[in-house]
């Protein structure tokens, strides 16, 4: 055996040399010779497989490249290390990317003898050195990187003396000690990880992948069938070292075919026969600042693109098939038409005509006087529109003739591609084949008489399904040719739109005869006829990139949309059941004297009324006077009745049928104006109606709509990536025309600028200017500050002074720009390369002209609009601060894409506005414009209406108004459809893509993720997991103790975890700047720094120095120590908490450890207190030693170490809960109604609580001190909250007793903070709260800065334009001058005289404060439509408002609103999502890691299935089992499906006025539930009750059916007045709708992923709920008696805690929060307060603004967006295709479950290890693992190539030609790889499961994909990967030993045979004698030993032990027992003899 590493797997292992065996041998020679002569080289490598990271050109180009670049490289990057480059902090990256709250910092030290440290270099370092020396001889670049990366490693191991200062103190806590005994395992771990990050190995760190570097074909086609797949593997082992003739080389020579090497990971075929253009891939693009980029160059055999384009154009023109079944491919007319259509000029002509067509339509709809449009020819434009429409129809017909309508299979056939028919795409083919397989061909063919699939297609389908990755399909080609001609007409999306337009145009023309369409109200064909104008978004600009993003996401969009539609229908049916008829009931006033005199209230819904005499509640009544069934909800006042008549908005809005209900459910889904519907139903039914809306919002909006967002984000990212790749290959040809021009000029300017240098005078001038530039920035600040100081009351004189000052500043800034221009005159090109300078120069001229004209009084109000030029200079202020400059730079890194998307959005809105204007013009009468200003009256109005819908604010006002005036039901329906489609497109799609763009600019780059992941693991995950292994909260310990822990906690796992962490830490410190970051001391606290400086300067403050230098405020360090001594090397990981320094400090200042400067650590009372409570922070000390806090410590023997502390915590947790309950119960309203005096039971309870919490405070502060002590009370933030609560409770009590009601209620609100203590129950909830409130504050601050930098300039501009212009007189026809006296005002139906008042609206811009407040409020998109309406109606200062008098004013608000949506709202989402991802570490997961984590969630939900033993079952049970469980009977299965779907149809057909249908429905539901009940009975009988109830879904299904059956039966006898009963019955009938879920894989995957993601979602919901409770209690205590205003009602108020929570829920979605806040600011004289009591109905402006604004930020901006982040993170499996496109889905998991159930019929989830190969061979798919699969299995080969004569089984005919052809398709290299992978897989399963003695269902399921579908190297995180490497190392060792053992076994067996033959009696004869030899066969040779001789048994072959000892998960297990005992018992007398032989 060779004395090297294992030969079997070496060349494919990460830590081996990549140059094959010879290279490895030579490397050793180099290492040995390096000591004597390092310059000598004996041989060169024969085979070169470059590592994935160092992609080196072929040998011919290496030296030339290096010679050219050598000098430059030496000069610029002498000491650069590849590893350090990877870990280097990127230039231009923000510092906040590094985690800002390090828990632990790392220090390293090394101890031992100096000699040993130099010589005892670790093997990993040796191998690294040897490798680097060898590479040095080949590539100068690699040598430098290698030596620099390992120089740190060598220098670190130089020992220090034992007295070194770096040595950790003796008091340091040992976290992990790797002693000499464990060193072997530790070294294995370290080597494995080292190899994973070494340059030589297949690295775990990010690399350039071959598939990514492969250029995309010119048409962007996908991979062909014949392209090789790479086998996912961590190490890809070599199969043989020697190259014998006919052997397979996995490391081919460069001259060999590259197809073999494509199968290897990370390898790129570097040699080509011809020279070709080279593509440069940049490893680190962040180095632009240094004007140097590390370039990795390799050659690709790709033609020049211009040549390629010319070849494509000159390709012969070929048509295929018969278009329309008539025109052949050679038809001259067809060929002429095709050539004409494909001509470039024709395309230009078509686009020109289409643009002209759109312009005509815009002119026609801009200000329409005659709304009869399109077919009446009432305007000159109609003639042109008709002619163009006819031309476009001709274009469509020509295309159909030229290229066919749909079927282009002939073209696919000619190009050798697979053609998918409609049946295949729709899944009908798959279903048909499944049915034929399950129920038999005869039955299915009998039921479906026509042929869905031909025999030839079926054979082809089966062959394709049997294809395997180990074969190359027949005729497979490397690259698919692009199509030379367009596909069939209807195969293009745009052509389909054209077809719809053409058909609709002529249909509409036909219907317009005799004005039939106008009379009947058929309007739908008009908008469809002009749909083709949408083609204009696909012109040559950046806009098609948006469409590409949507196209990439279509498959996932369909999946998510199907889920969304399913639950949309579900809630639609539920809405009909609960709320049918609810909106019909409204209050109507009846005149007591004249019953015919009535008045209907406006939108006051009700459920009953009060009797005018008795005041008892009465049931509602119908329009005909009959009484309703029940009284509920809001009760109409006296003399009013609750009448059920018609639905609002002309009967269009209701829950009365499924269509209307689904419309309103969509309104809920939109999360805007839905709370209006909620409060309507709360009035008409019960308060519990809000639950429907809350659940709807959670399921549809927060969950499923966010999944839709996630699809868009991910698909847009994929599209963007593909676009960048194509742009990289094709250059700028793929970008838009404008972008190409700009880019060209920019490059030209930069080129010219670099050719000229500045003279000395210019350089000096620029230097001087850089020092004085800040003065001009200050002038800009003065200018904008001056503008902000203007108010509506500012005098004309002041305005003139301001104008003159502005002119002066403009002159100065113009001079500055001129000076800059003069300084840049020697090199004007340089000036042009500075866009800010060019912009400043242009703006200075414009502003100077404007200012001069303004002073002269020429401009008037136009000056306010033009002041935007002055204000735009504010950008210089923003970029003068580094933080804001960096943030904006980061956000605008995708500036081009943001610009493209913005232009796309507005242009698309414009085109859709034309279509909408055509459809809706004339629907709402013009006289309604005053009440409904936005109703699609004209093109501009339609544009604004669509923009409003996109912003979601009050979008339903437009919807309801248009539905109200629609002429018929179909128009109403299409109106809803159009609005819903536009809402989804504009808001859910386009605006959410902005989130993707901004998030992309903030997320961690792919190549930085792995280094950041290591850093995050070592700083956060590792310390936290160490804590979690031994500590748990009280609730967690109670759960573990009494309810059993779900996890099997094992000390061996913990030990292995510590070893892994130590290994990672040991390696990480050698990684360039990552190591430096760990080694640098923790940053000093700014407070301490300032304090220490202060004390130096001021002698009197010397005493404060003890505060500055206090070691108790230092952060802990993790110290990694390596020692070499006589006992061997050891590694120690210690936690240094500076305990020695702390004890020294206490000796110097002993009073520091005295609580209240009185209680010493030894004081009895203090020690008693310490027994009751854990330390507030840190460890306690008595001055001589420290004591570990063991409160939360637990082990298997003891869960409660300090029972008294746990009891104390439990008591005060109960007290907190009681306090919360009392606060919710004893509300201010309760106190007032019960007329509570000063002293009552509530006051006594308050005193009790105050006493209890005061005792808690005393105990805690005596135990640990109050503010300045080692474990001070206030150092714990939770204690600080408790302290605030306690103080507020004392103040509240004193104020209450002194009858100071105002002070009392204010401080009473603070007691709500105590509810935050509920968060401490759950660690996850506490971490979530910390993440939101503390860790996220800096991100919120950054987002706030960006918001402010936008809000401030817009506020100033808005103030300039609109100050004093928004006021109106309440008598709308008068201006301010005439607004006095009284006027007649209509109240209800009476005219009342009211005083005229001129006032500003709630949102106005009269001063900077009001303008800032108004614009801040409309950022939340609440109220901006009201402000828009006021601005558009404004006609001047003090003049009366006119409807749409100044429509142009909308420009300001639309621009601000759009920018705030993009850069403020979406920015908040992006910042919060990004911050949460970085804090939790998910931001550092690569695409593959995310895909694997998501697959894990799906796999973890799989459970083994139990099946009965069919042999033991009786015939009846067998029949039931086949019928009800397996559903083998087609007719029975079909019957069940028909019953189910009829049940759903009955649910859908429910409506308010169904006539007799209710009876029919009840009867059918009785029938369907009976059928389902019988089915469940049969199922239970067939499967058996035990197995039946083992599946939760069976139990749930049975419960639902039984309840539905019983309630349905009882419902026939229950009257309608018991509406709760009927609602519950309807709900259970509806739940049967959920039975569809198991039949749909997409829905099942969604729910299974939801179950796996439940813990984090519940945790976040719980945290949010606690905050709801805190704010609800606070608002209730403060505003519980505040009077109702115009925006508050009987339900929208804070009178009770429940109502408060509902209002907070409304505010969380921005619903009218600012108007509610305005109602809470009411003050005297508009409210009253009683001096004699504590009751007042006044509000509080301070508290209203503080509470509601903070809730708006916390809940609406943070928590709702955290749900977005959580949903996107946890459900990305549902929408992401997966990094490796693994194909793991429910159907594949089902195959595995079925295969497992064959062997484990009881469903125990455990099987013997021997079953493993049988399970793996029993099914197909990505979860199976076998060597031969698909067509290569024996069964398939026999079926395909062997014919057996049924009469004579020995008559066999073999198709040798076909068989050989099939066998030639085998990829031999992959087969050999796969064999080794299979051996590894089997052995790793044995290894990991040997301790349990069996295979576990879930463990095996989670292991298989790592060997089949995923690459462990790419998909595993750092900890899991090192774990995987450790196991793989053990497995490889075993495989190597097994091979050695096989050889040894062969030798021993032969030796035993010879020994045995010698002991036998040999007969003597001459073998050569033929007579003797003829008898040999008849001789029975007796092999028994002669009597009397010692009987010896054959020697047993020693075997490797598979037992527990060898596979223990601990490195310290006893390895002595390595031999199996003999299989048969051996006589004791023979032991010595056997021992002798063994020796």
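Backbone N, Cα and C define each Cβ position, glycine as well.
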Study note, to complete from the structure: What Swiss-Prot calls N-linked glycosylation site, among 754, 954, is 754
Practice item. Scan 1706-1726, 1727-1747, 1748-1768 against Swiss-Prot and say which stretch is down as transmembrane segment. Key: 1748-1768
**Study point:** Of the residues 284, 328, 966, 2010, the one that Swiss-Prot lists under phosphoserine
**Key:** 284
Point to revise | transmembrane segment per Swiss-Prot - which of 1151-1171, 1172-1192, 1277-1297, 1298-1318 | key: 1277-1297
**Study point:** Top Cβ-contact partner of the transmembrane segment (1207-1227) among 904-924, 978-998, 1654-1674 (pairs under 8 Å)
**Key:** 1654-1674
Check your understanding: Counting each residue once, how many in the domain 'EF-hand' (1787-1822) are helix, strand and coil under DSSP?
Key -> 21 helix, 2 strand, 13 coil
Practice item. Work out how many Å separate residue 968 (N-linked glycosylation site) and residue 379 (N-linked glycosylation site) at their Cα atoms, rounded off. Key: 27
Point to revise | Other CB atoms, at most 10 A from the CB of residue 760 (N-linked glycosylation site) | key: 7
Exercise for review: Give the distance between the Cα atoms of residue 379 (N-linked glycosylation site) and residue 760 (N-linked glycosylation site), rounded to the nearest whole Å.
Suggested key: 70
Exercise for review: Summarise the model confidence on the domain 'EF-hand' (1787-1822) as a single mean pLDDT, whole number.
Suggested key: 86
Study note, to complete from the structure: Cβ proximity for residue 1785 (N-linked glycosylation site), under 8 A, sequence spacing 6+, ordered by residue number, returns 1498, 1641, 1645
Point to revise | Within-chain partners of the transmembrane segment (384-404) [C-beta distance under 8 Å, separation at least 6 from its ends] | key: 319, 321-324, 327, 333-334, 337-338, 340-341, 350, 353-354, 356-357, 360-361, 364, 374, 377, 485-489, 495, 498-499, 501-502, 505-506, 529, 532
Review point. Per residue, counting other C-beta atoms within 10 angstroms of the C-beta, which of the glycosylation sites 379, 900, 968, 1687 reaches the highest number?
Key: 900
Study note, to complete from the structure: Candidates 754, 882 (glycosylation sites); min other-Cβ count within 10 Å returns 882
**Study point:** Close approaches to the transmembrane segment (904-924) from elsewhere in its chain (Cβ under 8 angstroms; 6 or more beyond its ends)
**Key:** 358, 361-362, 365, 368, 371, 373-374, 523-524, 526-527, 530-531, 533-534, 536-537, 542-543, 546, 932, 935-939, 941-943, 945-947, 950, 961-962, 965-967, 971, 974-975, 978, 982, 986, 990-991
Check your understanding: CA-CA, which of the glycosylation sites 754, 760, 882, 900, 1687 lies nearest residue 1770 (N-linked glycosylation site)?
Key -> 900
Revision key, fill the gap. Closest by Cα to residue 1687 (N-linked glycosylation site), out of the glycosylation sites 754, 760, 900, is 900
Check your understanding: Secondary structure at residue 1785 (N-linked glycosylation site) (DSSP, helix/strand/coil)?
Key -> coil
Study note, to complete from the structure: As a whole number of Å, the Cα atom of residue 760 (N-linked glycosylation site) is distant from the Cα atom of residue 900 (N-linked glycosylation site) by 43
Practice item. Look over the recorded stretches 563-583, 658-678, 1748-1768 and say which has the most C-beta pairs under 8 A to the transmembrane segment (1618-1638). Key: 563-583
Check your understanding: Within 10 Å of the Cβ of residue 1770 (N-linked glycosylation site), how many other Cβ atoms can be counted across all chains shown?
Key -> 22
Check your understanding: Among the recorded stretches 563-583, 658-678, 1654-1674, which has the greatest number of Cβ pairs closer than 8 Å to the transmembrane segment (1748-1768)?
Key -> 1654-1674
